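Here the structure is laid out as structure tokens; the discussion comes afterwards.
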Amino acid sequence: DIQIRVHSRRGSNLIHPVSRVSPAPPSSSASPSGVVYQEIKHFKKWFPWLIPSFLVVNIIMFVVTMAVNDCPKNSYSCIARVLGRFSFQPWSENPLLGPSSATLEKMGALDVSKVVHQHQWWRLITCMWLHAGVFHLLANMLSLIVIGIRLEQEFGFVRIGLLYIISGFGGSLLSSLFIQSDLSVGASGALFGLLGGMLSELLTNWTIYANKVAALLTLVVIIAINLAVGILPHVDNFAHIGGFISGFLLGFVFLIRPQFGWVNQRYAVSSSEAEAAKPKFKAYQRVLWLLSLILLIVGFTVGLVLLFRGEDLNHHCSWCHYLSCVPTSRWKCNAQPVSCQALETGNQYTLSCSNSSRNRTYSLVNPSASQIQELCAQLC
């Protein structure tokens with residue numbers, strides 16, 4: 001005798017079906033009535049190991065990046081020199097406690113010119129595993145654990161892993177179409193993909209949520225706040241938007257659940273129940289799945305074609321730059337890359353900022369290019 005029972009896990013807003021089993025195995029948990037239930041396969045909890053693995057990989061990549069950076073060897077002033085080659089670039093160059101931009105570029109940061117002209121397409125993926133500093137890494141990894149663990153428990157490592165990687169790629173793609181003069185690194189696009197996936201999962205599996213409106217409003221507020229932070233300078237909000245849109249569409253494809261009626265007939269024994277056959281997915285779920293898949297394929301195809309043609313979408317959208325940065329009295333958004341003209345006289349180097357009238361003379365002995373660039377960044 002197998003019977004479907006619907007229950008809500010403690011601390012969860014989701015309602016899950018379970019089946020009654022007989023006889024009861026010793027390890028099964030019984031209800032107060034003495035009936036023992038086991039979890040239905042399609043709604044079981046998964047053990048999360050992929051998201052913690054992503055966390056470890058990101059930390060390892062940051063440590064390797066700092067080792068490659070080797071600040072004492074390439075810079076005159078470093079933060080926390082006691083850490084040796086793992087010490088950080090000066091505040092004036094990197095206020096996030098991290099490596100230089102040259103090191104990030106060497107490690108695989110998103111550089112649009114190299115993607116377009118040197119066909120280094122892999123930078124669209126490798127930039128997801130790099131971070132600009134300790135603060136950047138901590139913020140992203142905390143978000144990854146909070147958001148990713150729950151999703152992997154509900155849907156498994158395959159679907160959440162694909163959602164994370166593809167969303168990160170989508171974020172990098174949109175970023176490269178709008179921000180072409182700066183390097184971009186970080187897992188933010190993939191993290192916003194998880195947020196987008198959570199929203200579409202809530203919508204496509206609407207009937208299995210107990211407090212639907214409260215869950216929807218909470219999630220929308222969290223997404224809105226995170227996107228609003230992206231309008232600050234030096235934050236790549238296009239990566240956030242691209243990752244969110246990709247994750248939102250992928251959620252309709254990967255995070256769809258069968259309806260309870262289909263689950264009930266699958267585990268039912270009586271022929272009368274089997275006669276009233278119900279489809280595995282509801283009509284609106286199928287429509288959303290198909291539309292999302294089409295939009296994803298078309299969107300990625302068009303985006304890649306435009307990217308490798310060297311298109312800058314800012315030329316076709318005069319207001320889109322406000323999605324990533326809104327200028328105020330406290331900051332400007334049209335920051336130009338820092339560069340200097342150097343005049344050498346013996347051991348005296350006079351640096352002059354190309355975008356201002358600042359200049360200064362330094363006493364240097366055989367300085368490297370990275371050391372000159374560091375002094376230029378501090379001066380300008």
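From the backbone N, Cα and C atoms, a Cβ is placed for every residue, glycine too.
The annotation domain 'Peptidase S54 rhomboid' is assigned in TrEMBL to 119-255. Within the domain 'Peptidase S54 rhomboid' (119-255), the DSSP-based counts of helix, strand and coil residues read 107 helix, 2 strand, 28 coil.
The transmembrane segment feature in TrEMBL is assigned to 46-68 (among others).
Annotated transmembrane segment per TrEMBL: 128-149 (among others), in sequence order.
For the transmembrane segment (161-179), same-chain residues at least 6 beyond its ends with a Cβ under 8 Å from one of its own Cβ atoms are 50, 54, 110, 112, 115, 123-125, 127-128, 148, 151, 187-190, 192-194, 196-197, 236, 238-247, 250-251, 254-255, 299-300, 303-304, 306-307, 311-314, 320-321, 324. Annotation comment: TrEMBL describes 161-179 (among others) as transmembrane segment.
What TrEMBL lists as transmembrane segment is 185-206 (among others). Proximity of distant same-chain residues to the transmembrane segment (185-206), defined by a Cβ-Cβ separation under 8 Å and at least 6 residues beyond the stretch ends, is recorded for 54, 58, 104, 109-110, 127-132, 136, 140, 143-144, 147-148, 151, 155, 160, 163-172, 175, 212, 215-216, 219-220, 222-223, 226-227, 236, 239-252, 254-257, 284-285, 288, 292.
Sequence annotations record features per position, and here TrEMBL assigns transmembrane segment to 213-232 (among others). Sequence-distant contacts of the transmembrane segment (213-232) (same chain, at least 6 residues past either end, Cβ-Cβ under 8 Å): 13, 192, 195-196, 198-199, 202-203, 240-241, 244, 322-326, 331.
The list of residues near the transmembrane segment (238-256) in space but at least 6 beyond its ends in sequence, with Cβ under 8 angstroms from a Cβ of it, reads 151, 155, 159-160, 162-163, 166-175, 177-179, 184, 186, 188-201, 203-205, 223, 226-227, 230, 281, 285, 288-289, 291-293, 295-296, 299, 323-324. Annotated transmembrane segment per TrEMBL: 238-256 (among others), in sequence order.
If you look up TrEMBL, you'll see 287-308 (among others) marked as transmembrane segment. Away from its own ends, the transmembrane segment (287-308) comes close to residues 112, 115-116, 119, 169-170, 173-174, 176-177, 200, 203-204, 245-246, 249-253, 256, 281 of its chain (Cβ-Cβ under 8 Å, at least six residues beyond either end).
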